[in-house]
Structures are given as C-alpha cells and as structure tokens.
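Database features, via TrEMBL:
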TRANSMEM  36-54  transmembrane segment
DOMAIN    49-288  domain 'Rhodopsin'
TRANSMEM  66-90  transmembrane segment
TRANSMEM  110-133  transmembrane segment
TRANSMEM  140-162  transmembrane segment
TRANSMEM  197-215  transmembrane segment
TRANSMEM  227-250  transmembrane segment
REGION    303-323  region 'Disordered'
Amino acid sequence: MASCSVREELTAKYVESRQCNIPIRRRYPVADSGTIIPFVLATILVLIRVAAKSMRLGGGWGPDDFTIVAAYALAIVVFSLNISMVRYGFGMNVWDIFPLDNITKAYKRFYVFILAYKGLISLAKISVCLFLLRIFQSAIFRYTAYTMIAINSAIAISWVLVDAFHCVPVHLAWTGWQNVEQGKCIDFNAATFANGFVNIAVDTVMVIMPVYEIMKLNLSFRKKIGVAFMFAIGLILTAIGVIRVIVFYYNSSPTNPTWDMQALNHWSVIECQVAIICACLPTTRVFIAHIFPGVLSFTTGHVSSDQSQPCRPRQTRPHTEASRIPKTISYTDDYSDKRSESTDSLQLVDVEMTKQSIN
C-alpha cells in the first residue's frame with residue numbers, strides 16, 4: 001500500500017477486519033465508572049463547598065472559592081469531552097473507526113480537552129494556595145505561597161499556549177493524521193512528559209508546605225498527624241500524576257494513536273476530579289462538623305454540641321509583632337446564626353499567634 005493514502009489504508013484494513021469478523025475492541029466504555037465516580041464525588045464536594053460558603057462557614061466566600069468554582073466548570077468540560085471522544089473513536093483501533101471523519105471529530109475534541117486540562121490543574125492548585133494564605137501567617141510561608149501561585153499561573157499560561165499552537169497551521173492538530181497537508185507540529189510526547197514531571201514537582205512542594213507549618217505548631221504528635229493528614233491527602237494527586245506519566249510512557253505508540261491516547265485521557269480526567277476533591281476537603285470538614293458537631297474533633301479545642309454557643313479558641317497572652325510565631329492550631333466552627341460582617345477571619349482553622357514564654 002505504498003501508493004495509498006492514509007484514508008485508503010485505513011479503509012482497506014477496516015473492510016478486511018469486517019470480512020474476517022475480527023471484533024471491534026473498545027479500551028474503555030463510554031460510561032466508565034473509573035471516571036464517573038471521581039466526577040460525582042467532585043461534584044458533591046463542590047456543592048458542599050458552595051453550601052458551606054453560603055452559610056458563611058469557613059470564613060465565607062474568598063478568592064480560593066471562586067477559583068475552585070472556575071476549575072470545576074473546566075472539570076465538567078473535561079469530563080464531557082472525554083465521553084464525546086470515546087463516542088467518536090478514542091479507545092478503539094484507528095482502523096476500526098468508521099466513518100473516518102470521526103477521527104477528525106475526536107481529535108478536535110482532544111484539542112480542547114488538553115487546553116481545559118492544563119487550565120484546570122493550575123486553577124485547582126492556585127485555589128489551594130489562596131486557601132492556605134487564609135490560614136498561615138508566617139512570612140516565609142506566605143512568600144512561598146505567592147511564589148507557587150505565580151509558578152502555577154505561569155505554567156497554565158505557557159502550557160495552554162504551547163498546546164494551542166503546537167501545530168502550524170493550527171488545524172493540523174486535528175487533520176494531521178491524514179498526512180496530506182504540509183506543516184509542522186512539536187513533539188507531543190516530549191511536551192506531555194515535560195508537563196507531567198512539572199506537575200509532580202509542584203504537587204510535592206504544595207503538600208510539603210502546610211505539613212511543614214503544622215509540624216512546627218505546639219500540638220501533640222497525634223493531633224499533628226491528624227491535621228497534617230488532611231493536607232497530605234494531596235499526595236494522592238501526586239501519585240495519580242506519576243501513574244499518568246507511566247501510563248503514557250507505555251501507551252505512546254504513533255501506529256495506533258486513538259487506542260493509546262485514551263489511556264492518557266482516562267487518567268487525565270481522574271487527575272482533574274481528584275484535584276477538585278483535594279481542594280474541597282477542608283471546607284467539607286467544616287460543613288460536616290457544623291451538621292454533626294463533635295464528629296471531627298482532633299484539635300486543640302473542642303466542637304461544642306450546643307449550637308447556640310460558638311466554639312472559641314483559648315485565651316492567649318498579648319504578643320508583639322516580633323513574636324508572631326504560630327504555636328498552636330485549632331479548628332473552630334461558629335454555630336451561631338450571627339456573624340460579624342466586618343471580619344474576614346477564617347473559621348476553618350484559627351492559627352493562634354502566641355509569644356514565647358516569658359519567665
């Protein structure tokens with residue numbers, strides 16, 4: 001078939017496969033529980049977060065909340081496009097896709113899919129950084145958090161631009177499989193590996209940041225572990241990022257791209273939903289503690305069972321600016337109906353600023 005076009009080769013192989021009754025394989029079903037379950041969980045946690053903020057729990061609405069809502073909107077896009085790509089042939093052998101125009105339709109959706117994926121991951125991480133800034137007051141931590149926000153913003157902008165213009169002319173991103181029109185595309189495999197390793201590195205740093213701050217607080221070891229565990233759950237996202245890179249390494253053959261690429265898409269969807277879930281866990285904890293007082297009480301204070309009385313942190317001695325070192329951390333949930341309109345303090349975690357003991 002040296003003189004045949006790509007379309008003619010694929011058509012010939014399709015006809016041969018049907019005549020020989022070779023079954024059509026699908027790597028993933030259209031309704032895939034592996035992506036549906038994380039999406040449903042992410043949706044539930046986002047709704048809980050919106051409800052909690054509407055109830056003025058966890059410090060009320062802030063930039064971190066608006067950012068995660070924007071990220072969730074992209075999560076819907078990513079999830080929907082993945083289903084559409086499977087319908088049009090992703091996860092099938094490229095020679096089993098018929099009509100052939102479905103390949104172009106699938107690649108068009110993949111083009112938008114990767115843009116939404118890159119934007120979502122960065123937005124979710126920026127939301128986490130903004131949330132942490134509402135908790136920790138250490139100067140070094142805040143500088144680090146702002147740096148991570150800048151890095152994640154730069155990552156989002158740079159990778160969206162790289163993916164948007166990775167082919168010249170741009171439409172080769174979805175028509176290039178036909179090998180008809182001349183043009184140039186960057187090495188997609190190299191770009192995907194680079195992005196994966198960058199995400200893993202950023203995820204690791206963002207998990208270490210709050211855990212390190214918590215370990216410096218004046219808490220018992222058990223309480224430190226309890227509080228740190230909630231933030232360390234972000235390691236699940238890091239693990240999924242590692243799995244995604246490994247899966248892509250073993251599924252990056254150019255001979256059957258529609259079959260191989262769906263493995264990457266599958267884990268990308270899971271990564272997006274888990275990013276949303278991890279970002280919403282702290283607020284979910286506040287909501288549960290509000291509905292079921294005393295359930296989550298691994299803190300320095302306590303959660304009052306009397307909803308008419310707010311839980312207050314213990315009194316501390318006056319402090320000076322030079323001694324603003326966080327020594328203790330306590331979860332507080334205000335169950336009273338009234339709340340000061342002027343306060344912007346975060347109700348999820350109240351980091352008490354105490355000075356060192358003075359003899």
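Placement of Cβ uses the backbone N, Cα and C atoms for every residue, glycine included.
Unlike curated entries, TrEMBL annotations are predicted automatically.
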Looking only at residues six or more beyond either end of the transmembrane segment (36-54), which have a C-beta under 8 A from one in the stretch?
60-61, 65, 68-69, 72, 75, 79, 269-270, 273-274, 276-277, 280-281, 283-284, 286-287, 290
Which sequence-distant residues neighbour the transmembrane segment (110-133)? Criterion: at least 6 residues beyond either end, Cβ under 8 Å.
62-65, 67-68, 70-71, 74-75, 77-78, 81-82, 85, 90, 141-142, 145-146, 148-149, 152-153, 155-156, 159-160, 163-164, 173-174, 195, 199, 202-203, 206, 209-210, 234, 261, 265, 268, 271-272, 275-276, 278-279, 282
